[in-house]
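Peer 1: Structure below; questions to follow.
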Amino acid sequence: AYSWDNRVKYVVRYMYDIDDDGFLDKNDFECLAVRNTLIEGRGEFSAADYANNQKIMRNLWNEIAELADFNKDGEVTVDEFKMAVQKHCQGKKYSEFPGAFKVFIANQFKAIDVNGDGKVGLDEYRLDCITRSAFAEVKEIDDAYDKLTTEDDRKAGGLTLERYQDLYAQFISNPNESCSACFLFGPLKVVQ
């Protein structure tokens, strides 16, 4: 479940492919604009925030399509996305990623940081994990958090944005199946 191939499939399936049709397209990013607006507003819908999120997500889709829609059919398949990650991210640090990836990572952090304190603590990590997978025991999630975080992270109250960015970069660019970043999104399942 922690192979690089599965991790990239996981990102496509659970982070971007919001409409669950097996590929990325403009509709996924329109849906992400609504989702992000509601998450940021904690259920309240702000037309101004939505307009801003729509602009961000449209720009993000356009950039991802430019980087990954190799056959220019308006859809980015899992294989195309993997090729784009290999070309633009593999072996690179977060600071070297294309803007589209950076924007998405920052937005993902904002969505997980439910209380807005600038850190992702264990409680927020748990909430994020249960949105994508089913767990019979919370210990599975807590064990993954312990593998992900360092003592310094835990003393600080959780993952800062900078630390999250670094871990996300490792998650999609580091082929090592035992790196701590493999647990960024909790215990992973094999993506079919």
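Glycine is treated like the rest: Cβ placed from N, Cα and C.
A quick note: this is a predicted structure, and the numbers were derived from the prediction, not measured.
I grabbed these lines from Swiss-Prot:
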| type | residues | note |
| --- | --- | --- |
| BINDING | Asp17, Asp19, Asp21, Asp28 | Ca(2+) 1 binding site |
| BINDING | Asp69, Asn71, Asp73, Glu75, Glu80 | Ca(2+) 2 binding site |
| BINDING | Asp113, Asn115, Asp117, Lys119, Glu124 | Ca(2+) 3 binding site |
| DOMAIN | 4-39 | domain 'EF-hand 1' |
| DOMAIN | 100-135 | domain 'EF-hand 3' |
| DOMAIN | 136-171 | domain 'EF-hand 4' |
Peer 1: How long is the line from the C-alpha of Asp73 (Ca(2+) 2 binding site) to the C-alpha of Asp19 (Ca(2+) 1 binding site), rounded to the nearest angstrom?
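Peer 2: Asp73 (Ca(2+) 2 binding site) and Asp19 (Ca(2+) 1 binding site) have their Cα atoms 18 Å apart.
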Peer 1: Around the Ca(2+) 3 site formed by Asp113, Asn115, Asp117, Lys119, Glu124, list the extra residues of the same chain whose Cβ is within 8 Å of the site's Cβ centroid.
Peer 2: Ile112, Val114, Gly116, Gly118, Val120, Gly121, Gly158
Peer 1: Could you tally the C-beta atoms, other than its own, that fall within 10 angstroms of the C-beta of Asp28 (Ca(2+) 1 binding site)?
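Peer 2: Excluding its own Cβ, Asp28 (Ca(2+) 1 binding site) sees 22 Cβ atoms within 10 Å.
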Peer 1: Select the closest residue to Asp19 (Ca(2+) 1 binding site) from the following binding-site residues, measuring between CA atoms: Asn115, Lys119, Glu124.
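Peer 2: The answer is Glu124.
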Peer 1: Name, in the order they occur in the sequence, the residues of the same chain whose CB lies under 8 A from the CB of Asn115 (Ca(2+) 3 binding site) and which sit 6 or more residues away.
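Peer 2: Correct list: Glu124.
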Peer 1: If I take the Cα of Lys119 (Ca(2+) 3 binding site) as reference, which of the binding-site residues Asp21, Asp28, Asp69, Glu75, Glu80 has the closest Cα?
Peer 2: Asp28
